[in-house]
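**Q** Not my notes, these are from Swiss-Prot:
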DISULFID  55-58  disulfide bond
DOMAIN    124-287  domain 'Thioredoxin 2'
MOD_RES   129  phosphoserine
REGION    139-160  region 'Disordered'
MOD_RES   156  phosphoserine
MOD_RES   158  phosphoserine
DISULFID  190-193  disulfide bond
MOD_RES   428  phosphoserine
MOTIF     437-440  motif 'Prevents secretion from ER'
């Protein structure tokens with residue numbers, strides 16, 4: 001096997017991003033600073049693509065998305081969000097893969113997923129269909145745009161997901177809960193509280209949906225529930241505090257738009273979320289999907305089960321799961337396989353020469369990788385991953401310049417390996433020479 005020469009090239013290629021759209025396009029670039037104003041408060045129908053610059057599918061969609069934007073100009077708004085750069089905005093709408101396209105129609109707080117084709121014609125057809133539905137909704141009395149969310153505090157339907165707390169219910173609901181709570185202390189006469197209310201209500205619904213109820217938004221009338229107001233030193237309105245199990249409450253000091261609130265809530269959720277999945281490479285679909293949908297995929301090649309047994313393998317997997325949890329905010333993919341199970345993958349990554357276990361981090365967009373040179377231990381892997389996150393290290397092209405062929409195989413059953421059983425040989429009919437007459 002030809003040696004793969006590892007050039008001393010900066011690992012910054014892993015983190016390099018370039019937007020796919022420019023100001024000269026008819027595609028409107030959206031960011032956390034303008035999304036609420038441009039999309040949510042707009043009466044227009046919007047098609048929004050959430051993309052990552054390194055995503056191959058996104059790059060292939062780009063010319064078609066631009067074509068659709070030009071065709072729909074002054075009819076339907078077509079936008080794009082660099083969700084790799086603006087994680088909070090992508091997380092706010094549950095974006096887990098790229099590209100994700102959402103249609104913001106009559107109910108801007110509940111966009112629909114676009115499931116159609118990836119051609120300009122298919123996108124335009126879907127947009128016009130959604131536009132017809134928007135007009136029908138308006139004829140039927142449903143209003144589009146932001147005004148539908150601006151209801152007073154007396155309208156319970158607008159704040160159905162905001163949990164009202166009192167002196168009597170607070171401790172049981174909040175302090176005894178395993179969930180994260182964001183609590184607004186308000187006064188009914190407070191103008192700032194009235195301005196915050198529709199944003200808080202809209203955020204509560206989105207956060208509930210995105211976190212499956214693991215982060216809750218609540219409200220306390222501090223003029224009535226004075227025990228709570230005194231306990232937490234409420235001096236002005238509105239005051240928002242964050243409560244987490246076993247920790248002292250902290251003040252929320254972020255922005256007061258729905259987007260800002262949701263962003264902070266999702267950060268809190270990710271801090272308490274489970275680690276990413278650590279998947280065994282048993283098919284080409286698993287390997288390619290994990291690597292293509294993430295900026296990096298971390299691939300571990302563990303020793304053969306006969307060399308470690310189940311206990312030894314599980315100890316390696318525990319280390320990998322621990323580190324996947326530590327680096328979960330990076331949104332990397334995590335894969336593992338057994339030595340010899342995916343020989344073409346090992347060859348392409350130059351794995352095996354250093355023995356097993358081994359690890360490589362792959363950038364599937366650029367078909368380059370970085371190889372773990374240190375020890376396959378928690379400390380050694382952590383140093384390797386930390387260097388990657390800082391954009392440092394040595395890289396090399398993936399052998400063959402393309403994703404290697406993956407062999408389909410059965411997943412590990414969790415048990416120790418077994419040596420193949422050898423057939424017993426019947427020696428009863430074999431004539432053996434007299435040992436005393438052996439000749440040299």
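Backbone N, Cα and C define each Cβ position, glycine as well.
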**Q** What number of additional C-beta atoms lies within 10 angstroms of the C-beta atom of residue 129 (phosphoserine)?
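**A** Around residue 129 (phosphoserine), other Cβ atoms within 10 Å: 12.
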**Q** Of the disulfide-bonded residues 55, 58, 190, 193, which one has its Cα closest to the Cα of residue 129 (phosphoserine)?
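**A** Smallest Cα separation from residue 129 (phosphoserine) among 55, 58, 190, 193: 58.
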**Q** Specify the count of other C-beta atoms within 10 Å of the C-beta of residue 190 (disulfide bond).
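**A** There are 16 such Cβ atoms around residue 190 (disulfide bond).
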**Q** How many whole Å apart are the CA atoms of residue 55 (disulfide bond) and residue 193 (disulfide bond)?
**A** 42
**Q** To what whole number does the mean pLDDT across the domain 'Thioredoxin 2' (124-287) round?
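**A** Mean model confidence (pLDDT) across the domain 'Thioredoxin 2' (124-287) is 86.
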**Q** Could you check what DSSP calls residue 55 (disulfide bond) once collapsed to helix, strand or coil?
**A** coil
**Q** Tell me the Cα distance separating residue 58 (disulfide bond) from residue 190 (disulfide bond), rounded to the nearest angstrom.
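**A** So the Cα of residue 58 (disulfide bond) lies 46 Å away from that of residue 190 (disulfide bond).
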**Q** Just to verify a number: CA distance, residue 193 (disulfide bond) to residue 58 (disulfide bond), in angstrom, no decimals.
**A** 41
**Q** Only counting partners 6 or more residues apart, tell me which same-chain residues put their Cβ under 8 Å from the Cβ of residue 58 (disulfide bond).
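**A** For residue 58 (disulfide bond), the qualifying residues are 20, 49, 51, 52, 98, 99.
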**Q** Which of the three DSSP-derived classes (helix, strand, coil) applies to residue 190 (disulfide bond)?
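**A** Where residue 190 (disulfide bond) sits, the three-state DSSP reduction gives coil.
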